[in-house]
Amino acid sequence: MTVQMEYEKDVKVAALDGKKIAVIGYGSQGHAHAQNLRDSGRDVIIGVRPGKSFDKAKEDGFDTYTVVEATKLADVIMILAPDEIQQELYEAEIAPNLEAGNAVGFAHGFNIHFEFIKVPADVDVFMCAPKGPGHLVRRTYEEGFGVPALYAVYQDATGNAKNIAMDWCKGVGAARVGLLETTYKEETEEDLFGEQAVLCGGLTALIEAGFEVLTEAGYAPELAYFEVLHEMKLIVDLIYEGGFKKMRQSISNTAEYGDYVSGPRVITEQVKENMKAVLADIQNGKFANDFVNDYKAGRPKLTAYREQAANLEIEKVGAELRKAMPFVGKNDDDAFKIYN
């Protein structure tokens, strides 16, 4: 199925005009949505628990409230807290303060699609999901364009939910470069699959396996790091800019020939079957339930995974090599952290 890209000219209704907007959470996506909407002339307040995000929102000039207060004041409530805390946040502080005719939005369909959050039938439920991290959503807006976004409607109580979703996307700058309509099911399942099988899980496992093959064969860890990790950005940038075609036009004939000959030996039909199993666990809710249950138990699995990953040899080698490469950029964890 193909979908048609939409732009600012296709946003026919200024559905957010006269609406009080509450952005719940002021982390990676929250600060970007809030600041872009404010700069687009919208009436935005912040709802967040006390802490660094609360202080930062006030410092940035927003009227900042508790989540309960912000929900009571708002017509449109966008929940941009981390996925794992949204259910308890919604049930304790948002749901009791919703009114008929309100709209509730998300930037990812996780909690709605898997029914961890159930919104009353008299409230709209929409989505605006920019295809990029918050700092990029903000920076590109300030530069005069934006990041493409997906939009969706899960529940249309007022008949205006699609207009709200599209106008929100316009307000954050996404309609300048393109909007795609989707569903909560499609966005959630595709997003999780992309993260797990390719962009995060698949990629890091591939890099680590390549590093281990080289070092176990007696090659220097530092050289292995450059070959399987450091040069990854160069290749990904070419694919990002012009697809496989541009990448293959830009590399040597030797590298291109090796691409065709050896790629299928690594990513075999069995790997594809494994990917299908990953997708099945997403579709049937197994991954979602495992993730949420781990959070409710205090994150024992996630903590163990993080500790294991931090002790990988490739991480230790990379940390030392990057000290001599200031051109790779400052390692600023706070720039990407989601608080509260």
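Backbone N, Cα and C define each Cβ position, glycine as well.
Copied over from Swiss-Prot, here are the features:
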type	residues	note
ACT_SITE	HIS108	active site
BINDING	TYR26, GLY27, SER28, GLN29, ARG49, SER53, ASP83, GLU84, ILE85, GLN86, GLY134	NADP(+) binding site
BINDING	ASP191, GLU227, GLU231	Mg(2+) 2 binding site
BINDING	ASP191, GLU195	Mg(2+) 1 binding site
BINDING	SER252	substrate binding site
DOMAIN	3-182	domain 'KARI N-terminal Rossmann'
DOMAIN	183-328	domain 'KARI C-terminal knotted'
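Across the residues annotated as binding NADP(+) (TYR26, GLY27, SER28, GLN29, ARG49, SER53, ASP83, GLU84, ILE85, GLN86, GLY134), the two Cα atoms farthest apart lie 19 Å from each other. Rounded to a whole number, the distance between the Cα atoms of the residue listed as 'active site' and GLU227 (Mg(2+) 2 binding site) is 35 Å. Secondary structure at GLU231 (Mg(2+) 2 binding site), as computed by DSSP, is coil. Less than 8 angstroms from the CB of ASP83 (NADP(+) binding site) sit HIS108, PHE110, ASN111, PHE291, each of them six or more residues away in the same chain. Classification of the residue listed as 'substrate binding site' by DSSP places it in coil, neither helical nor stranded. Between the C-alpha atoms of GLU231 (Mg(2+) 2 binding site) and TYR26 (NADP(+) binding site), the distance comes to 34 Å. Regional average pLDDT for the domain 'KARI C-terminal knotted' (183-328) in the model is 97.
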